[in-house]
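Written out below as structure tokens is the structure these notes cover.
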Amino acid sequence: MTDPRTPEDQTQPTDLQTPDGQRRILTPGSDLNPRREFMRSAALFTGTVAALGGGLEVLTRRPGLSSAEAQATDPFSRPDRPLGPYDTDEKVTSYQQATTYNNFYEFGTDKSDPARLARSLKPRPWTVRIDGEVRKPQTIDIDTLQSWFPLEDRIYRMRCVEGWSMVMPWLGFPLAALIRRLEPTSKAKYVQFTALLDTKQFPGQKQQVLKWPYVEGLRLDEALHPLSFMAVGLHGRTLPGQNGAPLRLVVPWKYGFKNIKSIVRITLTEKQPQTTWALAAPQEYGFYANVNPAVPHPRWSQATERRIGELGRRKTLPFNGYADEVAGLYRGMDLRKNF
Amino acid sequence: MTVGGLLPVAVLVYDALSGALGANPIQRATLQTGLLTLVLLVLSLACTPLRLLTGWTWPARIRKTLGLLGFGYAALHFLIYLFDHSFDLTLMTEDVLKRPFITAGFTALLLLVPLALTSTPRAVKRLGFARWTRLHQLAYVAVSLGALHYYWGVKKDHTPPLIYAAVIAALFLIRFLKRRPARSARTGSRAAKS
């Protein structure tokens, strides 16, 4: 290691370099025993490697799960049944990946936080408050709510606004079935969803990263669309905490953040709800959040995405590939403005 | 030094092969090399303030290695980014021109190139110490742009990038406070020599 030393350093003759680049410290009484010298440089070398390497690792490494842990929990990749009309036949994302790579800021902002901390969430007992512009406002237990409908499997693509995607085998019921059962009044134009607010169960809510509780919303016609889904399970199992137990929304043609998790309240409203991400950064996240490769995020293009489990990128499809089903909902709207 | 600084590369490769980078390994590797760049550049910029505060000479001796390691990680970070964009230079140019967050990171990388190229003692001689020093003050700009790039790249929790920004600001402050009084004396002696 030779370095351009500043003049100040050069005025302090603390050491001296031999032609082979070795440094000898000349202190009174030091003996230049080569063996001792070798031991000393070996110790110094090991010390430096360990200190710098270890320090850098501690400061910057964010390890995920090992592949052994990964393979330990993969029950099955798709429900044992013929494909339904809304299912995709694309390869389903593994249970392990779908449950360890999550955005759920109620637990923390790192994608590994939800899986690590999900045990603090207690999905039973759980009640959901249903109110607003409905003829039958009520507070209902999750198991009763679930028993109202026959549960279905749906294999949907999910596209995150950050540019990655998964294929998720959900278990649940159509949102439309729930809304019809609530009997909306003629004033109802929007559906507002509210997630649980509880810093004991959601340690991430101690930080005001977002305005808690998390709120999302849909226009009533979007909510009534047959693709809109309420999930209570994943990969044929009960929904894990990190994926939004016990009840979450799934709207597959919108960016993932619309799919609010751990819902405790559903309110039908006359006015468009103030949704969490649209409040946090209105220039980046709109109310509609339809997957749209033509409208870039201010910090990255939305033209491509990485399917989790693949290294390369694929082209993002308008409305996440569901344009035939849902494009009609937005006829006459400028989707560059209503992003 | 260098071996220790390259240890994280070995760990990164091992993690990538063992699946420990998680569901989105490219993103994880991008983030990790970016953080390593920032940490190493901050460490290299901490050498002079540390010497000014303590009078030790060893920080000045490891400064160049830390800086070059930082540049190495910046280059790796950029290569992974290019890989993620299938080495499509049109996409990259568009990103650099349209997105301030990428512009800041890319500019920081460009600023580091002349510093890395003039890191040899011969380059110092050729440029003359005064000009070499002035050129290498670009490191301050590069590290600040790096911190800004990190800040703009984070979606919501800005605590980590703000910690880096605070450390960088503290390092600048120490230099400023410590250097100011000695300045006239030093430039005087240098002028006398030349």
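Residue numbering: from 1, along the chain as shown.
Keep in mind that glycine also has a Cβ here, set from the backbone N, Cα and C atoms.
Just so you know, the Cβ of A:Lys261 (Mo-molybdopterin binding site) picks up 27 other Cβ atoms within 10 Å once every protein chain is counted. Following the DSSP three-state reduction, the secondary structure of A:Lys261 (Mo-molybdopterin binding site) is coil. The Mo-molybdopterin binding site feature in TrEMBL is assigned to A:Asn102, A:Tyr105, A:Glu106, A:Cys160, A:Asn243, A:Arg248, A:Asn259, A:Ile260, A:Lys261.
Feature annotation from TrEMBL assigns compositional bias 'Polar residues' to A:9-20.
Look at TrEMBL and you will find A:121-277 tagged as domain 'Oxidoreductase molybdopterin-binding'.
Taken from TrEMBL, the feature region 'Disordered' covers A:1-34 (among others).
Sequence annotations record features per position, and here TrEMBL assigns region 'Disordered' to A:65-89 (among others).
Here the domain 'Oxidoreductase molybdopterin-binding' (A:121-277) has a mean pLDDT of 97 out of 100.
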